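As C-alpha cells, the structure follows; a few thoughts come after it.
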Amino acid sequence: MQYEDENGVNEPSRRRLLKGIGALALAGSCPVAHAQKTQSAPGTLSPDARNEKQPFYGEHQAGILTPQQAAMMLVAFDVLASDKADLERLFRLLTQRFAFLTQGGAAPETPNPRLPPLDSGILGGYIAPDNLTITLSVGHSLFDERFGLAPQMPKKLQKMTRFPNDSLDAALCHGDVLLQICANTQDTVIHALRDIIKHTPDLLSVRWKREGFISDHAARSKGKETPINLLGFKDGTANPDSQNDKLMQKVVWVTADQQEPAWTIGGSYQAVRLIQFRVEFWDRTPLKEQQTIFGRDKQTGAPLGMLHEHDVPDYASDPEGKVIALDSHIRLANPRTAESESSLMLRRGYSYSLGVTNSGQLDMGLLFVCYQHDLEKGFLTVQKRLNGEALEEYVKPIGGGYFFALSGVKDANDYLGSALLRV
C-alpha cells in the first residue's frame, strides 16, 4: 500500500493520466476499470421494498436524514472535466441520472444490437426505485486552480490529515467528489454505480470504493432500531433525532448565520473514515473489558449501571469513572457537558467485510460517515477527544476524507451544484 504523509498527497499527474484514459473510454477504445476486492452482500428485503421511493427534489439531498437502507456504497472520484463549463456538464448529467435512478422506470431498450446496451440489465427490464438515494459531496481538491472555485470553498472544508492512531492508505483517501449510494438491496446500488460510470467516462474516474451494510431488521425499523457493528455493539445510539427539523437545522445543515459562502446553505459537512477492526483480537477479549472500553452493555446497549439503551448516563454522579470509565468510548465521544453540545453530529455508518488482509487477518470494519453543520466543531473536536482511547488497540483508520454535501435540487430546471457554479 502507498501511505499518506501527514498532510496528504497531491496527484496532478494521476489526474492527467486518468483524463486521457477517460477520453479513450468515451470513444469506446478503452474501458475504465479499477480492481477491487469482492465485497460482502447484505441480505434481501421483502419484494414490496423494491417499490419504496425517496423524493429527489427538495431543499436538501436525500440520503442524509433518510432512515438507513440495508445496502450502501461510498465511491470517490477524480474529476476529469477540463474547465468550469465541463464541470457544469458533469453536475447536470449526474442530476439527470440520479433523478431517473431514484424514481425508477423502464430500462432503456437498445435500438441497435451492434452497439453496447444502454443499460447493464442487472435489474431486468424494470428499474425499481428500491429506496435508492444518491448523495453528492465535493472534496477540498475540487476547489484548486482547475475551475476557479477557490474563493467559494466552504470555510471549514479541509484535506483529511492523520490522527495519531491512523494508518492511512493514499489509495483510499480523498477525492474531488464522493457519491454515497444507498438502497434496500445491493444489486440496486451496483446498478446505479455502473449507470453513472457508463454515462461519465470522460468526466469521472473512480479513485476508491467501499461497500457497506446494516442488518435487514435494522433497516426495516426505519431508524427505530440501532444497527450493531462488527464488534457486536450498537452503533449510533446517541444520534440526535433526525426527524426533529429544528434540531437538524442546528446540528446538520449549514445556515445563513454561519458566514459561509451563500451557495453552501442547505448543505452539510461530511466526514468519512474507513476503519479496520482487529476482530480476531477483539473476539479473544473478555466481555467485561469490551464493555468497559465502550461504556455500554453489549447485549442491551445501555450505559453501564443503567437498564435501557437510550438511558442518559449521569457522569456527574460518577466523577471517578468507577461505573463508566473516564476513557470509555461513550464518555470521551460525548461527555454530556454544555460545551460538548456544540459537537453533536449525525452518524450514518455501515459495516464492511472485504475478505482477508495480506497477513491473513479478516478485513472487516466500519464505514464511518457523519454529517454536521461545522466540521471543526463536530467530527474534528470529537475525534480529538477520542485520541488515545482504549478502543484504539482494536481499530485502525485506513482511509476516507472530508467532503461537503451539496444542497438539494429545487425542481426539474435546477441541478446539483448550480448555486456554486453560477457564482
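Any Cβ shown, glycine's included, is placed from N, Cα and C.
Keep in mind the model is a prediction, meaning the values are calculated, not measured.
Some features that Swiss-Prot has for this protein:
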type: SIGNAL; residues: 1-35; note: signal peptide
type: BINDING; residues: Gly236, Thr237, Ala238, His329, Asn334, Pro335, Arg336, Arg347; note: heme b binding site
If you draw a 10 Å sphere on the Cβ of Thr237 (heme b binding site), how many other Cβ atoms land inside? 17
Sequence-distant neighbours of Pro335 (heme b binding site) in its chain (C-beta under 8 A, six or more apart): Tyr315, Arg385
For the binding-site residues listed here, His329, Arg347, which shows the highest count of neighbouring CB atoms within 10 A? His329
Taking DSSP three-state, what's Arg347 (heme b binding site) in: helix, strand or coil? strand
Residues near Arg336 (heme b binding site) in space but at least six apart in sequence (CB under 8 A): Val312, Pro313, Tyr315
Assuming the binding residues for heme b are exactly those in the record, Gly236, Thr237, Ala238, His329, Asn334, Pro335, Arg336, Arg347, what is the maximum CA-CA distance in angstrom, rounded? 17
Sort out the sequence-distant neighbours of Asn334 (heme b binding site) for me: same chain, 6+ apart, CB within less than 8 Å of its CB, listed by position. Ala238, Ser340, Ser343, Val382
